[in-house]
Amino acid sequence: MKFSGNWLRKLVDLQYSDEELAHKLTMAGLEVESVAPVAPFFDKVVVAQVVSVQKHANADRLNVCKVDVGTQSDGFLQIVCGAQNVKEGMKTVCALVGARLPELDIRQGKIRGVESLGMLCSAKELGLASDADGLLELPGDTPVGVDFRKYYSLDDCIFTLKLTPNRADCLGMFGIAREVAAITASELDLPEIVFVNPVIEDVLQIRVEEPESCPLYCGRVIKGVATDTAIPLWMSQRLERAGLRMINPVVDIINYAMLETGQPMHAFDLNQINQEICVRFAGENEHLLLLNGERLTLQKDMLVIADSSKPLALAGIMGGSESGVTNTTIDVFLESAFFSPVVISGKSFKLGFTSDSAHRFERGVDFSMTRSVLERATALILEICGGKAGPVTEIGNDLPRREAVRVRQKRIAKILGVDFSVELISEYFQRLQFSYTIAGEMFYVVPPAARFDLVIEEDFIEEIARVHGYDLIPARLPKAPVHMLAEPETGVSPVKRLRQILTAKDYQEVINYTFVDTQWEADFSGNDIPIRLKNPIASHMDVMRSSLFGGLIDNLQFNLNRKQSRVRIFELGSCFSKEGDEEKEVENLAALCSGSAYPEQWGVPDRDIDFYDVKMDIESLFWPRSVYFELALHPALHPGKSARILIDKKPVGWIGELHPRWQSKYHLSQSAILFELRTEALAAELLPAMYPLSKFPPVRRDIAVVVESDVSVASLLETMHLEKDRSISEISLFDLYSGEKLVQGKKSLAFRILLQDSEKTLTDQEIDRAVSQLVGILERKFGATLRS
């Protein structure tokens, strides 16, 4: 929202500089993005009239002009000028001798032998434009001799507010003025809106078929309007400084009324309306040529303003080109309405364009001003363009009801940490122009019609804080009773525990969008039917992810492109999948490791991280439970270096090296090891049990067995752990051999067995029996034989 600082000062009696005001607004929650001067500094620049123009005797492209600046008692100034558009009788801007312009100072001198006593200026030379075709030409009624800077109000600045969507009330000068008056405790002086008495009886029938979408519609006929007149200088300046361009006087006036009040309006050419105005939803196969030149095929959920035969405008968004006011329009129909934010919201995004009207209606406008704005625009049109106004037709239905909200004095003190008296709270509500009643220490406050953001008690408490000043609320530590409660060890958040474990293992957490590229889903998940977004924030983020792999690989690419070769990252996030017609959301944990296994260190030999390093990290996440891995294929992973992760024989995730195909496709200079797990599998914690240390010596035995080469070590270990003798405390693999000394298709596995009893020293017979039992299990289940 852009506006003129001078305009604001007409509405509020301010005692603050522009910079002070910008700071106060920002501190109160209305962020001032910039405060820019309308024009750079210059002085001794006046309005002048060119009396005569003669060719320079010594230069073909120069003219010698006699110029009336209104201050020369002895005649006119002689000025040499090279502008192509200089002509006799024109009014322009003259910098007198001694004037200081943005890029030069004006001195008396001779140009090609002819004395020049000043300079006729272009907009560029005054710093008012970045380029210019010639002299700045002024309207014919501009008085000669007046100070140009003062007459055109160039000692002004343009405020740019960065409004949040909830503050639609500040999309008009009246709303901004109320806000400024409340924050600064200044006097508000809004112009009085006088209702115009009709002088003709012409009316247009209005029919509202969708009262829920259009609870209030006001319209009026004005005949005999002169669209060839110019709007006043003060109005054009305010519009230009708000970033609006001039179109024609009627459109300029309704734009001004919108800028002033925040209520959008529309003007129709009365002669283009057939019989009536009807507010309805679009029908099938209806089209509308909009003011922006786009021909629109209307959808059934689009509210339109129509006559008896065709749509005329897209309600609350943009008018139609065929029914719009032009320079030949004589009779107009003015519209001022309140359209429900629900019916307007999202339409601009869907259509691919927006408008000042849609921007306001989708956030909510002040429905109490709908009729008043129509009267304000009518008065300005009659004053500037002439014409005769008919009576107002008003169709009103169920407008939004603003219920009183209870605001408690004690609640204010609790939320803000400051005690406010009833008198001070009343003062702040009065400054905010809230209607309220008091019952003891309770206020019952009715929010204004323009404030759709005030719904609950805390909203009003925030308003008190804003008016009081956030910077004036003292910082105090909260006081709360502290009771140290015993927390069960299993009560620790599993997500917190996972973060602690992974960060302790030198991983860094990343957070990626849940919206990803369709190609990622195909490459890394083999998902051909991802959940698609109707309104993606970008074309390459059009589906919901079913795996975290894509984001991590993108993070790896980002780091490698910036010479970061050692990458250890993890992400905890939601993944989405479709099962039939049902869409499901699950929480996953994924990690990626690439590059060196350890940070660079002179005493440690450098090596790349491998599958087994990451496998060990996974085992630490599940400890003290046992994790099993089985060879399996995954679309994202290397077919010979990938495995499914199992807990209690149930699949809970994947681990593996990135598939070489994707390493090549995504231009990765090095590969990576990845894993992904369901966090629900990690949430079921087992507390480690306490066992007393045995006082008796342990015994170690080694066995080597020969099995088929396709038998997995994991299955051997799992079987041995399940069926071993109670005296065996540990079993671990310490050697694997396959070669010439074995039959082809066989491999040798050497296991180290630790035996220990907590109650006695084991005898040789007990040890031999336990080891023999273990070998027997392997012979029966896997056809293993002892290696001699």
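Note that Cβ sites are derived from N, Cα and C of the backbone, with glycine treated the same way.
The model shown is predicted, which means the values in this text are computed figures rather than measured ones.
Per Swiss-Prot, the features are as follows:
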type	residues	note
DOMAIN	39-149	domain 'tRNA-binding'
DOMAIN	400-475	domain 'B5'
BINDING	ASP453, ASP459, GLU462, GLU463	Mg(2+) binding site
DOMAIN	694-787	domain 'FDX-ACB'
In the chain carrying ASP459 (Mg(2+) binding site), residues 6 or more apart in sequence that have Cβ under 8 angstroms from it: VAL405, ASP453
Winner by Cβ contact number (other Cβ atoms within 10 Å) across the binding-site residues ASP453, GLU462, GLU463: GLU463
Residue distribution over DSSP helix, strand and coil in the domain 'tRNA-binding' (39-149): 2 helix, 48 strand, 61 coil
Remaining residues near the recorded Mg(2+) site, that is with C-beta within 8 Å of the centroid of the site residues ASP453, ASP459, GLU462, GLU463: ARG451, LEU454, GLU458, PHE460, ILE461, ARG466
Integer average pLDDT (0 to 100) for the domain 'tRNA-binding' (39-149): 88
Secondary structure content of the domain 'B5' (400-475), with strand meaning DSSP E or B: 33 helix, 14 strand, 29 coil
